[in-house]
Amino acid sequence: MITKAIYPGTFDPITNGHLDLVTRASAMFSHVILAIADSSSKKPMFTLDERVALAKKVTAPLKNVEVLGFSELMAEFAKKHNANILVRGLRSVSDFEYEWQLANMNRHLMPKLESVFLMPSEKWSFISSSLVKEVARHGGDITPFLPKPVTKALLAKLA
């Protein structure tokens, strides 16, 4: 049986924490779509096309992972791609409340859409794209937190 899961997010930029979760999800499901939200309201540093390109580059070794951009409701995107599982990462208890609300809204919009929550590996549990960008803006070392092509792209954006 093919199980298709979606791992949605803004991924601005994709971090080693995101890569850890998508790698683990790819071992659990037949097909994983890394769905990158347009999120223009968040004013991302990278364009949607740039985020998709970076994610494709760093997930290339994961043969069952597909990277797509989207701008519609997640439930609509899931229906369009015949997926009924959402993978979400939970770094802390504070993430849970927001994720719980999203999961319930998505289930309301698409009753067969299940949310699966994964804990990050301990070494990535404190990482977020926003935090990494802030460290980079102040000249801190971001190399431990991002795949090499992403580090290069982020430093180029800030130059």
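Cβ coordinates come from backbone N, Cα and C, glycine included.
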- Item | Recorded ATP site member, picked from E97, E99, that accompanies T10, F11, H18, G89, L90, R91, W124, S125, F126, I127, S128, S129, S130 in Swiss-Prot | E99
- Out of these binding-site residues, T10, S125, S129, which one has the fewest other C-beta atoms within 10 Å of its own C-beta? S125
- Item | Nearest recorded site to I127 (ATP binding site) by CA-CA distance, among binding-site residues K42, M74, R88 | R88
- Note on the structure: Same-chain residues at least 6 apart in sequence with Cβ under 8 Å of the Cβ of H18 (ATP binding site), in sequence order, are G9, F11, G89, S129
- Message: Is it possible to get the count of other C-beta atoms within 10 angstroms of the C-beta of I127 (ATP binding site)?
- Response: 20
- Pick the one among the binding-site residues K42, R88 whose Cβ has the fewest other Cβ atoms within 10 Å in this structure. K42
- Message: For the C-alpha pair, I'd like the distance in angstrom between T10 (ATP binding site) and K42 (substrate binding site), rounded off.
- Response: 9
